């Protein structure tokens with residue numbers, strides 16, 4: 001490629017794009033770690049995007065009506081960091097660029113939400129960014145339908161690489177976006193035909209443009225190193241009536257004389273000798289991290305070009321009726337609905353009196369029917385299991401093309417994209433998402449669920465059919481290890497409520513959470529209401545509490561969750577009949593119990609006596625409460641699952657696997 005000709009054709013563009021490239025090269029070299037090739041290859045596309053098309057104001061990084069820019073190919077993070085520094089984001093200082101990938105750096109190896117203003121989402125696991133962006137596009141459509149396009153009218157731009165498009169989640173996401181006709185979503189494909197193993201063709205033959213077209217997208221193409229051609233394609237993309245893929249044909253490591261267009265430039269520093277040659281090829285005579293003042297000033301002018309449009313938008317917001325303005329600001333700030341606690345208390349009082357025997361998945365549906373009128377931002381999602389998960393209430397319409405006021409989306413069989421899109425909705429602002437599937441299929445959503453926890457996105461995962469209690473569908477659908485996986489994930493609340501009252505309390509906590517996602521593990525089988533005396537206080541908020549005290553001298557403590565609390569209470573009755581004083585502790589959320597002070601934990605789990613945990617799942621997370629917290633190994637036992645389940649009616653399964661009142665009582669007596 002003739003670099004001199006390109007430089008002569010668009011000299012102003014060339015110097016702006018070269019500033020991105022050299023910052024990326026220098027930062028990776030200084031860190032002795034990183035991915036210079038992608039920023040070098042996509043610098044031209046990014047320059048045209050930020051210079052001519054992206055609606056943003058670097059001095060107001062949280063402006064509600066800004067365009068969102070998602071770097072799905074997160075390994076090329078220095079592309080984003082260079083742009084943020086050059087355009088004048090306050091936190092993106094040159095010192096931060098020099099501190100790339102170091103301890104305490106805002107500029108982490110892959111972009112991390114919350115570390116640096118201008119980073120819209122955490123990316124790095126390939127495919128997550130493009131899928132999260134679909135959720136942002138959905139949230140934009142939802143907010144525009146509620147508040148009007150004078151207040152909400154922006155695009156979601158994504159840079160995705162070959163790896164993003166190979167990941168299975170990308171097909172889930174693009175199929176969903178195509179079905180929903182998300183014309184506010186534009187994906188810029190860094191089509192450089194390189195992976196770590198070499199050419200993309202060594203592992204893939206997919207016609208990506210045909211794939212997107214078949215999924216309901218418009219597809220455009222451009223020369224990713226021709227500024228005028230890039231501008232033409234992006235201008236056309238903004239006018240489309242469907243989501244758009246722009247195929248940007250690029251060279252990875254553009255300008256490197258010996259490493260461009262090869263895997264060698266993907267994930268390693270260029271080295272001093274190659275950097276010298278590359279600078280010469282660019283015509284760049286400045287040293288490491290040096291950006292001439294006139295180029296920095298031009299970039300900062302690009303960063304400020306949205307200020308006037310933002311001021312006009314703020315004037316429109318200020319002109320709204322006070323109530324509507326306050327509601328818009330509250331929703332974008334992700335505030336908790338002020339009437340939520342009252343609605344939950346009223347629901348609990350009514351249900352403790354009625355004492356229904358219902359599955360906790362049904363209890364969840366009942367809670368949602370009670371709180372939906374006061375939590376208007378709830379946007380719910382289902383992976384093709386509406387009738388099983390029970391997350392759609394009668395007052396909710398479907399979100400679809402032509403009805404973006406709808407708050408219920410049918411995802412199809414796309415668990416992973418559902419989870420990622422929910423992350424995007426919350427990150428965009430204005431939507432409090434929850435979505436559901438069978439608990440066993442959290443396996444399909446794990447990557448995005450982990451990012452919820454890492455980013456502090458308080459998504460609610462409604463996971464039903466939580467144990468062998470689902471019965472005849474068998475071990476492919478019966479979760480036994482999934483509670484352990486969720487509990488092992490940092491910054492995750494895993495709720496397994498025992499009845500309708502605990503279900504309501506779990507929902508209150510999940511919808512009030514600011515930075516922690518929640519998993520609600522809910523039963524298929526009916527469970528009795530255990531707490532028939534109304535308690536205004538949210539007992540689940542403590543994570544564990546005494547649901548039945550020992551009569552006489554306490555000799556044993558039974559700990560249980562969910563459907564096994566009822567079984568533990570029946571075991572208590574058997575033991576008390578033999579004068580074995582037994583306390584039953586319901587532990588709907590281990591994480592919240594662990595967060596309580598030692599005095600409270602000691603009151604619930606005092607020293608001495610036998611401890612037996614009961615759960616239709618594997619033992620692993622229980623050892624802290626059985627052996628630690630003043631417990632003793634010789635007096636600790638577990639009644640639950642040691643392997644996978646089987647296909648049979650639920651009652652038979654509980655009997656065959658020994659999760660019965662009689663087995664629990666026998667375990668206690670064997671340890672006395």
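The backbone N, Cα and C atoms fix where each Cβ goes, glycine too.
Annotation source Swiss-Prot lists site 'Important for catalytic activity' at 35 (among others), citing similarity to another entry. According to its DSSP assignment, residue 35 (site 'Important for catalytic activity') is coil. Within 10 Å of the Cβ of residue 35 (site 'Important for catalytic activity') there are 24 other Cβ atoms, across all protein chains.
Long-range Cβ neighbours of residue 473 (substrate binding site) (same chain, at least 6 residues apart, Cβ-Cβ under 8 Å): 465, 647. If you look up Swiss-Prot, you'll see 35, 266, 361, 388, 465, 473, 524 marked as substrate binding site, on the strength of similarity to another entry.
Per Swiss-Prot, thiamine diphosphate binding site is recorded for 75, 124, 125, 126, 163, 192, 266, 441. Counting only residues at least six positions away in the same chain, the Cβ atoms of 35, 37, 38, 194, 195, 196, 252, 253 sit under 8 Å from the Cβ of residue 266 (substrate binding site).
Long-range Cβ contacts of residue 162 (Mg(2+) binding site) within its own chain (separation 6+, distance under 8 Å): 190, 191, 192, 193, 194, 195, 200, 204. DSSP assigns residue 162 (Mg(2+) binding site) to a helix. The Mg(2+) binding site annotation in Swiss-Prot covers 162, 192, 194, and the record cites similarity to another entry as its basis.
Summarising the annotation, Swiss-Prot assigns site 'Important for catalytic activity' to 266 (among others). DSSP assigns residue 266 (substrate binding site) to coil in the three-state reduction, outside any helix or strand.
Neighbour density for residue 415 (active site, proton donor): within 10 A of its CB lie 28 other CB atoms from the protein chains shown. Taken residue by residue with DSSP, residue 415 (active site, proton donor) is part of a helix. As annotated by Swiss-Prot, active site, proton donor applies to 415, with the evidence given as similarity to another entry.
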Between residue 124 (thiamine diphosphate binding site) and residue 415 (active site, proton donor), the C-alpha gap once rounded to whole angstrom: 19
Conformational class of residue 194 (Mg(2+) binding site) under the three-state DSSP mapping: strand
Close binding-site residues near residue 415 (active site, proton donor), where close means Cα within 10 Å, chosen from 75, 126, 361, 441: 441
Neighbour-count leader, CB within 10 A, binding-site residues: 75, 361, 465, 524: 465
Helix, strand or coil at residue 361 (substrate binding site) [DSSP, three-state]: helix
Rounded distance in angstrom between the Cα atoms of residue 126 (thiamine diphosphate binding site) and residue 361 (substrate binding site): 33
Assigned element (helix, strand, coil) containing residue 75 (thiamine diphosphate binding site), judged by DSSP: helix
DSSP three-state assignment (helix, strand or coil) for residue 126 (thiamine diphosphate binding site): coil
Alpha-carbon spacing, residue 75 (thiamine diphosphate binding site) to residue 361 (substrate binding site), which is rounded to whole Å: 40
